[in-house]
Structure formats: structure tokens, C-alpha cells
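Accompanying notes for the structure given below.
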Amino acid sequence: MSSTAADPERESPGRNDPSAGVQKALLGIGWTLVGVPLVYGLVQTLRRVVTLFTG
Amino acid sequence: MASFLDRSRTVAGPGYSRWLIPPAALAVHLSIGQVYATSVYKSSLVETFGASLTSIGVIFSIAIVMLGLSAAVLGKWVDHGGPRKAMFTAACFWAAGFFVAAIGISTTQLWLVYLGYGVLGGIGLGIGYISPVSTLIKWFPDRPGLATGMAIMGFGGGALIASPLSNQLLRAYDSSYDGTAGSVASGSAVAQLFVTLGVIYLVAMMYGAFTIRVAPPDYAPPGWDPSTRKQSSMVTTASVSANNAVRTPQFWLLWVLLFCNVTAGIGILEQAAPMIQDFFRDGGTTAISAVAAGGFVGLLSLGNMAGRFVWSSTSDVIGRKRIYMVYLGVGAVLYVLLALVGQTATALFVLLALVILSFYGGGFATMPAYLRDLFGTFEVGAIHGRVLTAWSAAGVAGPLIVNGFLDARGTPGELVAADYRPALLTMVVLLVIGFVANLLIKPVAERFHEPSDAAAPAPAAAR
């Protein structure tokens, strides 16, 4: 498999790209979608960790 | 539909923000990281199937073995088919694994759980684990350790999310289950949990599949000069194929060091809760309660996750070889301290174990960047997939070593710190072997390089 002159990637990269404004919105949505569950997991785990020093 | 998944449909233009890529990768890794949260419903499965703990543990073992095998076998397909097709496939396998396993639990047929969560889910794990790696490396040629650290941190974070979420869902599905030690959820509640998790992970991974983008050819981030990349002879601008990589001593040295690092980490992870109780046992009673031991396991999970991001990012600054010298060399010293003086103070024991587990996580997350340095980006995903067979082997060897030594020393619940020394010192030997393997790694010989027109070109100019 090689990247040659006929490679479609070289023909039209970015043809499906959203506009800059939409990209900004997607950045916020994307990081929120993964950030919120991660924070939930961290908080729940820290609550467990506290028992190491109190329980 | 097939064309939408093709690599050619996912190539971004020059103005595309690369910071949209890590959330897509994290969505996949946070989902498949659930594999480390199986202890939540282990007792329920034992009771539902009337099976031994070992028989239920086999589900997890099959999944990890299938992870390594599928990553190794399908790595080239992932590299050439592109990340969207790979993530889509991973999502289908991972979710199907939950659904088939749920049928197995509902009908009390354990083989269906082996087939579902173990085989189908394991294939989803393998494809999902490697699918975003080469894409991220190409988007972040200036900080490959940071990029892969972000994604692989998600694998550690997945368990942090799945464990409390599963507990809450089981309480919702079974009113008699309260989530405390000794309380066991019903089989139907676990089956409902599996269906729920399958749906959640299908949606999350599809989000990743539909938002992932491949970096444009010759991509370089703004303000980064690709000519500064080759500052070290250990960082190549050449390309090595996956088939050639496995013929190099460097590949097998990396395999050995990953195997040693993972085996040593699993040694602690597998036994974390009973281990801390045994280390502080005096006259038949332990100073550490079961609840506190659970907190210790949580702390190790945090160390494992944080190490993936922090140490892998650090490797961008100090170099891959040096960071593995830290993981394996300093790790060996910390293991010796744990074995010999770990029982003197709880804080010391916890601190040593925490740093050791951060090195364990760091070893996983830094590996793709080390592979990129040595073999180039051409088929780094496929090479990574083949190296991950070391993880599968370590997943079998680690528990075998620890359990073998502990079984010979006495009965669970009566062990003390001294009983762990043979197992811990064996891990020290393994880490020293890994340290030597790392020292022996040199740049890959030119005869293994691809001809310059056969492989994807290295970044040529900043845009």
C-alpha cells in the first residue's frame, strides 16, 4: 500500500470539513462528551480513595 | 455506507483543528477501558452460573488474549483501512459482545458469555485500542507521546467510569442489591447492565468513528518545523513495514520490555486489595479494613491513568529510551523497597505502589511513540498491534507468577508481608531484564527501511 499520485487522499483532502465556526462548536461538544464522564469517574474514585485514609 | 467509512472520506483539509481528534480517540478508549471494571459483577456471575471464580475469570482472560491477537492480525487492515472503518468495526464488535453475553447470562449459558464478551468483545478491544494511535501520531508529529498518552489514558479512565456507573445501574435494576461487600446483584440485573453498557458504548464509539479525521498528506502543525524532529539518532524519518519490523531485533527488544513492565505491574494490580491488608497484618488481624483496601485499589487506578498521560508526555521532552530506563530501572528499585521495607508504614507502601503503577501505565502509553521513533509512521498501528501480544502474554504470566508464589507460602487471609517477597523480587528480576533490553535498543538498520517512494512521506513543510 503506498501513497501515490492517484491516492484519493491527495485529490480532495478536506472536502467534508465543517466550517471554522462549526469546528469550534464541535470542539466544545467533543471535549464535554468525554470530559463529563471522566470527571464523574474521577470524583467517584476519589471518594473511594478517601476511605483509604479514613476507613 | 461503506464509502463513508473509507479512509479517503476522512482526510481533513489544512485548516482542520487537530484538537478535534483526541476526543474521538478518547470516546473509543474510555469505552473499551470497561474491561478493567469486571470485578463489579464477578460475584453475581459466579452465583448466576454456579461456576468457580476461575471459570468466570476466564471471560476476562479470553478478552485480553483476543485483544492481543486481533490487534496483531488486523493491525495492517486498521492502518490501511483508516481509523473510521476501524472504530466503526470496533464499536460493532464491542457492543455485540455485550449483547451476546447478556443473552448468555439470561439463559445461563456461560459459553455464550465466553463467545460474546470474551471473543467478540476482545476483537472489539484489539481493533479499538490501536485504531486511533497512528492517526494521533500523524496529527501530533511534534508531541507524539502527549497524543498517545491522551488516548491511552482513556483506557485507564474507562474503568474509573464503568465501575461506579455499573454499581449504580445494578442498584437500579435490582432493588435488593446495595453495592456493599457481600451483596450480590441478580443475573437478570447483570444482563440488563450488559445491554445498557452495550448501547452506551455503541453510541460513544460511533461518535468517535464519525468525528475522527486523518491528517492531510505532509501535515505539520502551525509553527512546527519538521526539520527539528530528527534531533536524535533514535528518531527515524524512514519507514519500516510491519512485516519487516518483526524481523528486527528492536521489535523483539521492545516486546520483551513491554512484557516485563506489564507483568510487573499486573503483579500488584491483581493482588492490590489483599496485598495491602496482608502487608499490615499482625497476629492474625490486619490494620487495613476491606473498605480502605478498596480505596487503595481506586488510588492505584488513578496512578495508572495519570501515569499514562504524565509520563508519556514527559517522554516527548526526555526521549523514549530514557523514560523506559526510568520505568524499568527506578521501577525495579521501588519494587525492592516495597518488598523489603514496604510494611514499615502505610504511607510508604501506598506511595511506592502508586509510583510503580504510574510507571505501568506510562509503559503502555509511551510504546506507540517509541515505535514511531524507531519504525516511522508508515505502519505504526500494525507494529503496535503486534507488540501488544506482549500484553496478552503478560496477562497470563503476571497472575501465574504472583499466585504461584503466594499459593506456596500459605492460605489467603493468613499471609504476611514476607510471603510476598519472592514474588516481588521475581518482578525485580523481570524489570532488570526489561531494563537491559531497553539499553540494547539501537536505530533500525537501513536494510529494513522501505524505499522512499513506497511509504508515506515524512512531513516536509509546515503550513
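Numbers here mean position along the shown chain, with the first residue as 1.
A Cβ is built for glycine as well, from the same backbone N, Cα and C atoms used for every other residue.
As annotated by TrEMBL, domain 'Major facilitator superfamily (MFS) profile' applies to B:1-446.
The feature transmembrane segment is assigned by TrEMBL to B:20-37 (among others). Residues 60, 63-64, 67, 87, 90-91, 94, 121, 124-125, 128-129, 131-132, 135-136, 139, 147, 150-159, 161-163, 166, 197, 200-201, 204-205, 207-209, 211-213, 301 of the same chain lie 6+ residues outside the transmembrane segment (B:20-37) yet bring a C-beta within less than 8 angstroms of a C-beta in it.
Feature annotation from TrEMBL assigns transmembrane segment to B:49-74 (among others).
Feature annotation from TrEMBL assigns transmembrane segment to B:86-105 (among others). Residues 5, 24, 28, 31-32, 45, 48, 59, 77-78, 111-125, 127-128, 130-132, 187-188, 190-192, 194-195, 197-199, 201-202, 205-206, 208-209, 212 of the same chain lie 6+ residues outside the transmembrane segment (B:86-105) yet bring a C-beta within less than 8 angstroms of a C-beta in it.
Per TrEMBL, transmembrane segment is recorded for B:111-133 (among others).
Residues or ranges marked as transmembrane segment in TrEMBL: B:145-165 (among others).
Counting only same-chain residues 6+ beyond the ends of the transmembrane segment (B:185-204), those with a CB under 8 A from a CB of the stretch are 27-28, 30-32, 34, 41, 44-45, 47-48, 91-92, 94-99, 101-103, 105-106, 108, 117, 162, 166, 169-170, 173-174, 176-177. Feature annotation from TrEMBL assigns transmembrane segment to B:185-204 (among others).
Counting same-chain residues at least six beyond the ends of the transmembrane segment (B:251-269), those with a Cβ under 8 angstroms from any Cβ of the stretch are 245, 275, 300, 304, 324, 327-328, 331, 335, 353, 356-357, 359-361, 363-364, 367, 370-371, 374-375, 383, 386-387, 389-391, 393-395, 397-399, 401-402, 423-424, 427, 430-431, 433-435, 437-438, 440-441. What TrEMBL records for B:251-269 (among others) is transmembrane segment.
The transmembrane segment annotation in TrEMBL covers B:289-311 (among others). Outside the transmembrane segment (B:289-311) by six or more residues, the chain places 36, 146, 149-150, 152-153, 155-157, 159-160, 181, 265, 268-269, 272-274, 276-277, 323, 326-327, 350, 353-355, 357-362, 364-366 with a CB less than 8 A from a CB of the stretch.
Under the heading transmembrane segment, TrEMBL lists B:323-341 (among others).
Look at TrEMBL and you will find B:347-371 (among others) tagged as transmembrane segment. Sequence-distant contacts of the transmembrane segment (B:347-371) (same chain, six or more residues past either end, CB-CB distance under 8 Å): 133-134, 137, 144-145, 147-149, 152-153, 155-156, 254, 257-258, 261-262, 264-266, 268-269, 272, 276, 279-280, 296, 299-300, 303-312, 315-316, 320-321, 323-324, 326-328, 330-331, 334-335, 337-338, 341, 380, 383-384, 387, 391.
Packing against the transmembrane segment (B:383-402) from elsewhere in the chain are residues 61, 64-65, 67-75, 78, 126, 129-130, 133-134, 240, 242, 245-246, 251, 254-256, 258-260, 262-267, 270-271, 364, 367-368, 371, 375, 423, 426-427: each is 6 or more residues past its ends and has a CB under 8 Å from a CB in it. Residues or ranges marked as transmembrane segment in TrEMBL: B:383-402 (among others).
Residues 234, 249-250, 253-254, 256-257, 259-261, 263-264, 267, 321, 324-325, 328-329, 331-332, 335-336, 338-339, 374, 401-402, 405-406, 409 of the same chain, all 6+ positions outside the transmembrane segment (B:422-441), place their C-beta atoms under 8 angstroms from a C-beta of that stretch. Under the heading transmembrane segment, TrEMBL lists B:422-441 (among others).
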Taken over the domain 'Major facilitator superfamily (MFS) profile' (B:1-446), the model's mean pLDDT: 91
